[in-house]
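Lifted from TrEMBL, the feature list:
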DOMAIN    39-432  domain 'Major facilitator superfamily (MFS) profile'
TRANSMEM  39-61  transmembrane segment
TRANSMEM  73-93  transmembrane segment
TRANSMEM  105-123  transmembrane segment
TRANSMEM  129-147  transmembrane segment
TRANSMEM  159-178  transmembrane segment
TRANSMEM  190-210  transmembrane segment
TRANSMEM  253-272  transmembrane segment
TRANSMEM  292-311  transmembrane segment
TRANSMEM  318-337  transmembrane segment
TRANSMEM  343-364  transmembrane segment
TRANSMEM  376-396  transmembrane segment
TRANSMEM  408-427  transmembrane segment
Amino acid sequence: MAALGQRQGRRCLCGPAGGYCCQVSNFVVKRPWTGRIGALLGIMVMALSLRAAVSVVPPLLGELRGELGFDAGTIGLLAMLPPLIFAVFGLLTPVLIRRFGLERVLAAAVVLAVAGQLVRAASGQVWPFLGWSAVVMAGYGIGNVVLPPLVKKYFPDRVGVVTAGYVTLLAVGTAVSPQLAVPVAGLSNWRVSIGMWASVSFLVLLPWAAQALRDRRSVGDDAGRARGVAFQGSAGGAAQGAVPKLAAWRSPVAWGLAIFLAGNSAQTYVYFTWLPPYLSGQGVDAATAGSALAYFAILGLPVSLLVPLWVPRMKNPIVAIAMFAAFWAAGHLGLYLSPMDGTWLWVTFAGLGQGTFATALLMVNLRSRTTHGSSVLSGFSQGVGYAGAGIAPLFFGSLHDATGSWTASFATLGVCLLVMMTGAVMINPKRYIEDSAVDSVPSEHQGTHKR
């Protein structure tokens with residue numbers, strides 16, 4: 001395939017481990033989307049489904065409390081499940097990808113998510129509901145990690161545009177599902193409201209099945225045309241097929257992105273968990289407090305669309321990150337000092353600060369050269385990052401309970417900002433995980449892939 005690619009004047013855009021990008025790069029100039037529509041639709045539908053099953057539950061907790069027996073402890077456990085399970089599967093998924101491949105791991109993630117959502121919706125007790133929620137989160141934790149390397153593999157020439165699309169749909173799923181939760185439950189019941197999102201997850205499989213069929217035909221055609229074409233040296237072939245093992249913990253880039261994502265996600269999860277209770281405790285009525293959270297989530301849409309189109313053009317991404325950090329800081333200070341006056345302005349500032357999340361996902365591909373590097377960087381950064389996010393809301397609330405004041409709690413948000421900016425400094429220089437994380441290079445026999 002390498003010789004054939006050279007013979008036809010192709011250019012592999014993402015290195016020897018990129019694989020598929022050598023097949024698609026011949027479409028880059030004249031027909032940039034040809035042959036990749038299935039992959040594009042699959043990425044976008046997956047992004048839409050990733051947060052919907054998480055954010056649909058909180059508006060229905062009143063009904064779940066009465067019917068399933070949720071109490072304060074189990075509600076707290078439910079809130080901690082997504083980030084903690086995302087963290088575990090963030091660290092495990094790169095191993096699965098290396099063993100089974102991106103597409104197979106994605107298919108397994110979708111099966112877990114669909115099965116978990118359907119059985120969860122049929123649960124009659126709190127602990128089975130929590131258990132199947134964990135299965136759902138496992139599927140989506142894998143999906144979180146798989147999306148950036150899928151973009152790298154299928155769209156090495158359109159990373160910014162495709163990332164803008166899928167990060168925006170992540171925000172859409174986060175914002176839309178809680179808005180529909182109560183109306184749908186009113187028309188039917190909470191089980192339908194929670195379970196219906198399994199259909200969106202199932203739809204992920206359809207475009208990927210079409211893409212797999214097209215790829216199989218394309219590979220067969222390429223193999224037929226390549227018969228009789230001499231491979232340019234066995235050593236060269238091995239070099240093209242060799243995929244080095246990457247130890248992310250050795251890479252400053254990986255640690256920087258992990259620290260950056262941890263600081264960002266901690267702030268975001270604190271807002272999703274504590275913004276309504278905090279505002280209600282300060283005298284804001286419950287309806288307005290709930291609307292403030294919905295508004296905060298919706299503000300993720302414009303910044304998610306803007307960041308991947310804007311930041312790749314910048315020589316120093318830290319400039320954009322500093323701007324979003326300033327929005328976060330203004331939101332934190334405003335809500336702490338004047339929660340009743342200017343509430344919507346402070347929530348606007350904090351909502352615009354969410355541009356740091358889109359930046360983190362974009363940097364996965366901007367700081368990796370290959371699909372394999374992208375998957376390792378994605379898994380490590382999200383594994384460490386979501387671990388921090390899982391602890392932060394609990395710590396935020398515990399400080400308030402211990403001190404009787406919100407001062408220490410909001411001070412932790414300032415610490416999260418400093419942590420985030422520390423990571424930003426580490427990922428600002430243009431360097432790649434492959435430069436510092438190579439653990440070992442497979443033997444020639446192990447590194448050669450059949451085409």
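The backbone N, Cα and C atoms fix where each Cβ goes, and this holds for glycine too.
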Contacting positions for the transmembrane segment (253-272) when only residues 6+ beyond its ends and CB under 8 Å are counted:
55, 83, 293, 296-297, 321, 328, 332, 350, 353-354, 356-357, 360, 363-364, 367, 376-377, 380-393, 396, 413, 416-427, 431-433, 435-437
Surrounding residues of the transmembrane segment (343-364) on its own chain - C-beta under 8 Å, 6+ positions past either end:
147-149, 159-160, 163, 167, 171, 257, 260-261, 264-265, 267-268, 271, 275, 279, 284, 288, 292, 295-300, 303-304, 306-308, 311-312, 317, 320-321, 323-325, 327-328, 330-335, 374, 377-378, 381, 385, 420, 427
Using a cut-off of under 8 Å between C-beta atoms, tell me which stretch among 105-123, 190-210, 292-311, 318-337 contacts the transmembrane segment (408-427) the most.
318-337
Rank 105-123, 129-147, 159-178, 376-396 by Cβ pairs under 8 Å to the transmembrane segment (292-311) and hand me the top one.
159-178
Establish whether the number of Cβ pairs under 8 Å between the transmembrane segment (39-61) and the transmembrane segment (376-396) reaches at least three, counting only pairs separated by 6 or more residues.
no
Residue numbers, six or more beyond the limits of the transmembrane segment (190-210), whose CB comes under 8 Å of its CB atoms:
37-42, 45-46, 48-49, 52-53, 56-57, 60, 63-64, 67, 103, 106-107, 110, 113-114, 117-118, 120-122, 139, 177, 180-182, 184
Short question: which residues 6 or more past the ends of the transmembrane segment (105-123) have a Cβ under 8 Å from it?
42, 46, 49, 53, 68, 93, 96-97, 129, 132-140, 142-143, 146, 150, 191-192, 194-195, 197-198, 201-202, 204-205, 208
